[in-house]
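Summarising the annotation, TrEMBL assigns Mg(2+) binding site to 9, 376. The annotation ATP binding site is assigned in TrEMBL to 16, 198, 199, 200, 201, 202, 274, 275, 276, 322, 323, 324, 325, 326. Per TrEMBL, the feature substrate binding site maps to 83. According to TrEMBL, the feature active site, proton donor/acceptor maps to 139. The site 'Transition state stabilizer' annotation in TrEMBL covers 171, 231.
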Ligand code: AMP
């Protein structure tokens, strides 16, 4: 069993990494950013809680990992877990074999911004740690239990059968962790019907029945669904032809607008994609900030109401992510749009819940409402351990069989 797991989340010009030690209490974090540019640096690596800021001009992913991990000389990892956004139809975490790497590559058209960056990270860690077991943990895997009526689009069938156009869902690691932990807190571990609202810079909702995802708000890509920091979420699909015909926009421009210039940022007329800033601005009378917050909460409530159709019974709701965990104001506003579900918030408990803590915030009648801080790194480390243990047990069994047959 691995004593320490290095969790890696590779973007195109950045790497987030965390080393989780056996007791899970002690974590070392790092962020390498602006890779491949003169401004490349590593920030926030703390060994014994010492903040570090190292300049690594023009360093690539491998160099950044080498420098970052030098700081961890006393804490060598025993296994590596990679966060991979799109695993296509892979249903669980997998040991990184050549075959799995090819499958991640094959899913690239579905996640053109993310999967190529993950592959760069995998190549770098394979060169740095050729002897360590490495595991891919997919954002999409948790949602592979969705029934076909939830994951199909109403499009010509061949787009699904020949081109894999379907709903996949994302943030799976977070929805899985939060629903598992939340149902445990509620005394019904992995049982019953729950909704999760992961609200951060990227946001999504999920419906979970007996521990399995049955529907989620994101789709083919992480653009579908609720309002996010800079992503629009759902829009009329005819928007593309409208903008092309009336403004002469091409697909690249429309895609950029929907992913980078919309959501809270677009609604607030470029004021901010950050919910804290918008709440402050709204309190000072900024109308764009006020409407951005209102659209966010209304669409979120609408998504939760729609997803509840996937559940035979609704036991409750878990809030998570930077906004879900920290903003009593957004939680209250959202719940105000869902009174007919019988949800009743306990205002005092909601307002007084300490930042970063778990807690129940409903009034004790109707479905439960909880705040459950997410732990994607912890979940990735756990799944990595699980895969490594499974593989070593299978190898031991094979060895025993071979000895018995010899
Ligand atoms: P994440 O992507 O999960 O780190 O979440 C980032 C989002 O959480 C940003 O929009 C932050 O403004 C928001 N956030 C963090 N703390 C608060 C808070 N106390 N109130 C409102 N939003 C918050």
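Cβ from N, Cα, C; glycine included.
Positions of TrEMBL features highlighted on the structure.
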residue	record	contacts (Cβ under 8 Å, 6+ apart)
9	Mg(2+) binding site	15, 16, 17, 82, 83
171	site 'Transition state stabilizer'	139, 198, 202, 204, 206, 216, 218, 222
199	ATP binding site	300, 319, 320, 321, 322, 323, 324, 330
201	ATP binding site	228, 229, 230, 273, 322
231	site 'Transition state stabilizer'	202, 222, 223, 258, 259, 262, 263
274	ATP binding site	229, 264
376	Mg(2+) binding site	83, 173, 174, 177
Reduced DSSP assignment, residue 274 (ATP binding site): coil
Per-residue Cβ crowding (10 Å cut-off), top of binding-site residues 16, 83, 276: 83
Sequence-ordered recorded positions from 9, 171, 199, 231 with Cβ under 6 Å of an atom of ligand 1: none
Number of other Cβ atoms within 10 Å of the Cβ of residue 139 (active site, proton donor/acceptor) across all protein chains: 25
Those residues of the chain, 6+ apart, with a Cβ under 8 Å from that of residue 325 (ATP binding site): 319, 355, 356, 371, 373, 374
Surrounding CB atoms that lie within 10 Å of the CB of residue 323 (ATP binding site), all protein chains: 26
Among the ATP-binding set 16, 198, 199, 200, 201, 202, 274, 275, 276, 322, 323, 324, 325, 326, as the record gives it, the longest Cα-Cα distance in Å: 23
Coarse DSSP state, helix versus strand versus coil, of residue 83 (substrate binding site): strand
